[in-house]
Amino acid sequence: MARRNPLLFAIVVTILFVVCYGSALIAQTPPPVDNFVASAHYGSFKKRHGKAFGGDAEEGHRFNAFKQNMQTAYFLNTQNPHAHYDVSGKFADLTPQEFAKLYLNPDYYARHLKNHKEDVHVDDSAPSGVMSVDWRDKGAVTPVKNQGLCGSCWAFSAIGNIEGQWAASGHSLVSLSEQMLVSCDNIDEGCNGGLMDQAMNWIMQSHNGSVFTEASYPYTSGGGTRPPCHDEGEVGAKITGFLSLPHDEERIAEWVEKRGPVAVAVDATTWQLYFGGVVSLCLAWSLNHGVLIVGFNKNAKPPYWIVKNSWGSSWGEKGYIRLAMGSNQCMLKNYPVSATVESPHTPHVPTTTA
């Protein structure tokens, strides 16, 4: 997933908004942060998250990152009237570069996405006109999980999709094993990144479509290590293939409505300080993180996608983020994929396994 220099990122953002908004940007420029105010917020942040640092140099580095993030949150709030960014979240003492390195799988998408083979599936049936769907309410979404310090978002996205497709097709919801993919999938790179369709391809080619339960093969890579594959566990679900969906939000919404959750890749660079609400300006340039669409609401103002993340339930809206529909926020429509599952309750869907 793509790494970016934080200084370059700040310069590009500034140029972008000067070009787009001209003199209006002057009123939105973050004001200087008073050290006394920043210290008070920083003290509350450390207490809330149990943070303690060993020396003055590290303490100073964290405080400076926190102070800079206060300005970043202010700027993002001015651009997102329906969302809230804040420094009370657990990532507020990280620089943008540190955050990207730890949670956004640097460089992987840039190196591998060009090899992504599209096999676009188009559902020719007429749209139903359904305005809102939430698969959490339909019992097709497991609780929010936490990838930890491992760059395994791709595994959580792929497994979340399979969990959702399995339950949406009429089977009982079961939590499946991300660790099976992280440790055993030799197409992808464990904690160093992967792609959701590659993971599904490995499941089909090397695992006969079978996925182990989380209970029988629990996640152990939260510290950033990749234990050897032991390839033993209880089969909890079985897929018949996978496919790429059209890069079109209406088509993605149709799939979510009729079939269930969809795995997507996004640019999550600005998610570091997200606290809640609907993001309507994401500032996205390149894909770097895998997540799961579990629903949408077209009746809301603005209409939004419901997206499940894998940074634990203390991040965002209990582990979720809402992105405005219709404007490709965070590049959400650029890489939608889904596994397919046989079920007597749904018609057969053409699949691809390569």
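Backbone N, Cα and C atoms are what each Cβ position is placed from, and that goes for glycine too.
Small disclaimer: the values here were computed from a predicted structure and weren't measured.
As recorded in Swiss-Prot, the features of this protein are as follows:
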type	residues	note
SIGNAL	1-24	signal peptide
DISULFID	C150-C191	disulfide bond
ACT_SITE	C153	active site
DISULFID	C184-C229	disulfide bond
CARBOHYD	N208	N-linked glycosylation site
DISULFID	C282-C330	disulfide bond
ACT_SITE	H289	active site
ACT_SITE	N309	active site
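For the pair C184 (disulfide bond) and N309 (active site), the C-alpha distance works out to 23 angstrom.
Here the candidates are the recorded positions C191, C229, C282, H289, C330. The one whose C-alpha lies nearest to that of C153 (active site) is H289.
Counting other C-beta atoms within 10 Å of each candidate's C-beta, the recorded positions N208, N309 are led by N309. With C282 (disulfide bond) as the anchor, the candidate recorded positions are C150, C191, N208, H289, N309, and the one with the nearest CA is H289. In three-state terms derived from DSSP, C229 (disulfide bond) belongs to neither a helical nor a strand segment and is classed as coil. Cβ packing within 10 Å was compared across the disulfide-bonded residues C184, C191, C229, C282, and the lowest neighbour count falls to C229. On a Cα basis, C330 (disulfide bond) lies 22 Å away from C191 (disulfide bond). Here the CA atom of C229 (disulfide bond) lies 16 Å from the CA atom of the residue listed as 'N-linked glycosylation site'. Rounded to the nearest whole angstrom, the C-alpha distance between H289 (active site) and N309 (active site) is 9. Residue environment of C153 (active site) contains 29 other Cβ atoms, counted within 10 Å of its Cβ in all protein chains. In this structure the alpha carbons, written CA, of C330 (disulfide bond) and N309 (active site) are 13 Å apart.
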